[in-house]
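Please read the structure below before turning to the comments.
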Amino acid sequence: RFAVSVGYWKDPYIQYFVRQAKERKAPEINRGKSVCAAGYYARVHGVSYLIKAFLEKTGCNCQIVNLGAGMDTLFWRLKDENLLPRKYFEVDFPMIVARKIHNIKSKPPLSKPIMESHSGDSLLIDSHSLDSSRYSIVGADLRFSSDLEEKLRKHSLDIHLPTLLVAECVLVYMTPQQSANLLKWAASTFPVAMVINYEQVNMRDRFGQIMIENLQRRQCNLAGVELCSSLDSQRERLLVSGWDNARAIDMMKVYSFLPQADVKRIEALEFLDEKELFEQLMQHYCICWASKDSSNL
């Protein structure tokens, strides 16, 4: 929300989910925020690049399943760009889903695009799920893939459609066995599929250990952090789970791939004097993606 308000990228919908903090922050907090905002910028653009490549390859004749979607606004942004897949699913804990649905119901700029893209029978909405012809939100626990599949099928999941699964900072909160079960379920369920995973990497070095300790102090346990030891370990987990091809790159590499004119623009927004901290942080996050492709897309 902070990054959008400063102008790193455009997202007219995030304001309806997250309030802007009003109080002034100490300079060192703002410096930290600018490092994080530049990191978020790379994450948003990197993940978006892969999503749009998938939509282009399939001509939008596909479905997206956003795992642990939280207050993500991607559905609305894709609709604005005329890039909606045939169906867009979001999954999160029922408590999170209830909050999101409440925001959607009470804010016309969120509900109107859903109604505009809807066709057919009446739109179904209750406290823990929303189902329209193009957009569904499902309350489920990702640690139980059989329950997840049942709920998605009730909302018209089509296993024969090319399917993109997106997980941003989600798998790391599950045990290695739980995330492996989820990845195996996806690889075995969809004949043509791609998965994008954004999360930590290189977590065994000193900087990584400090990150873990800081999170633990805030009662935030990274149950799956052992799989985040290297880019190789990130690739390997995908291949072992039944995906045919897998790649992983750290976020510093992603940052170097982004259009440099836009990178110059965002670097001028705020004085980023913590270059070393920024680089260290970016080397400890990565984007991994894997595919299964029975029809040679």
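Cβ coordinates come from backbone N, Cα and C, glycine included.
For Arg43, Gly68, Asp141, Leu142, Glu168, the entry in TrEMBL reads S-adenosyl-L-methionine binding site.
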Fill in: binding-site residues listed as Asp141, Glu168, least Cβ neighbours within 10 Å
Asp141
Fill in: Cβ neighbour count (within 10 Å, all chains shown) around Leu142 (S-adenosyl-L-methionine binding site)
22
Practice prompt. For Arg43 (S-adenosyl-L-methionine binding site), list the number of other Cβ atoms lying within 10 Å of its Cβ atom.
Written response: 20
Worksheet item: For Gly68 (S-adenosyl-L-methionine binding site), which residues of its chain lie six or more apart in sequence with Cβ-Cβ distance below 8 Å?
Response: Val91, Asp92, Leu142, Ala167, Glu168, Cys169, Val170
Item to complete: Let me know the largest Cα to Cα distance in Å among the S-adenosyl-L-methionine-binding residues Arg43, Gly68, Asp141, Leu142, Glu168, as an integer.
Response: 24
